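Working notes, beginning with the structure itself.
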């Protein structure tokens, strides 16, 4: 019975690898990290009012950032946003 459990575990892990590996190679990942330019704008959980720029899929647009939290799709300037996210 011990060998049957080992074979079952190997089979399970093999199937898990085959199912999840393509997601790691998808277009949303670069160098093992999620492409921040595809994330939605996120004002964060705080109540401050800072002007920031985010990439909306076509260009960089302004949004109001609350000062904490949020995600990586926030840039201090339009130039910084375009440099990181615009495709040549």
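Cβ atoms are placed via backbone N, Cα and C, with glycine included.
These features come from Swiss-Prot:
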SIGNAL    1-27  signal peptide
DOMAIN    37-85  domain 'BPTI/Kunitz inhibitor'
DISULFID  37-85  disulfide bond
SITE      39  site 'May bind Kv1.1/KCNA1'
DISULFID  46-68  disulfide bond
DISULFID  60-81  disulfide bond
Here the Cα-Cα span from residue 85 (disulfide bond) to residue 46 (disulfide bond), rounded to a whole number of angstrom, reaches 25
Three states by DSSP: which one describes residue 37 (disulfide bond)? helix
Using DSSP and collapsing to three states, where does residue 85 (disulfide bond) fall: helix, strand or coil? helix
Residue among the disulfide-bonded residues 37, 81 whose Cβ has the most other Cβ atoms within 10 Å: 81
Here are the disulfide-bonded residues: 60, 68, 85. Which has the lowest count of other Cβ atoms within 10 Å? 68
Nearest by CA distance to residue 81 (disulfide bond): which of the recorded positions is it, out of 37, 39, 46, 68? 37
Does residue 39 (site 'May bind Kv1.1/KCNA1') have same-chain partners at least 6 apart in sequence with Cβ under 8 Å from its own Cβ, and which are they? 71, 72, 73
Stretch-averaged pLDDT - the domain 'BPTI/Kunitz inhibitor' (37-85): 97
For residue 60 (disulfide bond), the three-state class that DSSP assigns: strand
Fill in the CA-CA distance, residue 60 (disulfide bond) to residue 37 (disulfide bond), as an integer in Å. 10
Local Cβ density at residue 46 (disulfide bond) - other Cβ atoms counted within 10 Å: 13
Rounded Cα distance, in Å, between residue 46 (disulfide bond) and residue 37 (disulfide bond) is 22
